[in-house]
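Structure first, commentary second.
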Amino acid sequence: MKKVIVITGPTSSGKTDLSIYLAKKFDGEIINSDSVQIYKKYNIGSAKITFAEQKSIKHHLLDLKEPDEVYTIYDFQRDCRKIISNVRLPFLVGGSGLYIKSALFNYELSNKKNTSIIYKNDKKVYDVDDMEFMIREIRQKDPKLVFDKYNPRRVVSAYLDLNSDKLRSQKKYKNNPIYDILTIYLDIDKNILQARVIERLEKMFKMGFIEETKQILQEYPYANFNIIGYREIKLFLEKKINLTEAKKLIISKTMNYAKKQKTWFKNQMKINVINVLDSKLKIKTFQIIKNFLKGAVYD
C-alpha cells in the first residue's frame with residue numbers, strides 16, 4: 001500500500017515547523033489537513049502558514065476556496081486522495097481528524113450539496129440555538145455517528161440525513177485504512193499548551209485578527225463564522241461581549257477542543273505520541289519515519 005505520513009496535534013504544538021523539516025528530509029509534499037486553512041482570508045486566526053514559511057516545500061489544499069463557498073468533507077476526501085496518488089511521499093499536516101480519517105480510511109461519503117441551498121440561496125444562517133437543537137437530535141437518533149459539531153454545514157447535512165432510510169453512521173463509515181499510515185501526534189502538557197495559546201492569541205491580535213475578521217464579515221456576510229476565534233471576535237464586533245470576554249472564550253474553547261482532539265485521535269487512529277518539549281524531537285521523528293519507510297520504494 002502507498003505510504004502516507006500524518007503530522008497532527010493541538011494548535012501551538014509546532015506541527016508546521018516539524019512538518020517542513022521532515023518534508024525536506026524525505027523529499028515529501030505537504031497536504032493541508034486543517035479544515036479552516038482550506039479557505040482564503042482566514043489567515044491570522046487559523047495561524048495559516050505563509051509562503052515564506054513554506055520554504056519551497058510544495059503545499060496542497062491551502063487557500064482553495066472563498067469564505068462563502070461550500071467545501072465538504074467529501075470534497076476533501078476526493079481531492080486529498082487524488083493528490084496522494086500523484087505525490088511521492090505525502091505528509092498530511094493539520095488537526096482536523098475527521099478530514100484526515102475520511103481521506104485515509106474507506107469511508108463512503110456522498111456528494112450532497114443541499115446544505116449550500118440552505119446557506120446561500122435562502123440567505124439563511126442558523127443561529128446557535130438551531131445548531132444546538134440539531135446536534136442534540138443527531139446524538140439522540142444516531143449516537144454512533146462521528147461528526148464535526150463545529151462546522152454548521154456538516155451539522156445541517158447530518159441532521160437532514162436523519163430522515164433517510166439508513167442512519168449515516170450505518171451506511172457511510174468504515175474503519176479500514178486504504179494506505180499504509182504513520183501518524184505522529186505532537187503531545188504537550190496542558191499548562192504549557194495554555195501558555196502557548198495565550199501567547200499566540202496576543203500575537204494574533206497584534207497582527208490584526210480583529211481587522212481580518214471585520215474584513216471577512218464585510219466581504220462575505222454569509223461565510224462560516226462558527227470557528228473558534230472568529231466566532232468570538234464576531235460577537236465582540238457585534239458588541240455582544242467585550243474584548244476581555246472574547247479572549248477568555250477563545251482560550252477556553254481552544255483548550256477544550258485540544259482535549260477532545262487528543263481523545264479522538266487516541267480512539268480513532270493508531271498514533272505515535274511524541275512530547276513536543278523533547279530535546280530530540282526532530283531526531284526521534286526522523287528515525288520513526290526512516291524505519292517506517294525502510295524497504296519501501298522511497299529509499
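The backbone N, Cα and C atoms fix where each Cβ goes, and this holds for glycine too.
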Annotated stretch (region 'Interaction with substrate tRNA', per Swiss-Prot) among the listed ranges 34-37, 150-153, 218-221: 34-37
Other CB atoms within 10 A, centred on T16 (ATP binding site): 18
For the region 'Interaction with substrate tRNA' (34-37), the number of residues DSSP places in helix, strand and coil: 0 helix, 0 strand, 4 coil
G14 (ATP binding site): secondary structure state under DSSP, collapsed to three categories: coil
Rounded distance in angstrom between the Cα atoms of T16 (ATP binding site) and S96 (site 'Interaction with substrate tRNA'): 14
Inter-residue C-alpha distance, P10 (ATP binding site) and S96 (site 'Interaction with substrate tRNA') (nearest angstrom): 10
For S96 (site 'Interaction with substrate tRNA'): intrachain residues, at least 6 apart, with Cβ closer than 8 Å: S33, D34, S35, D148
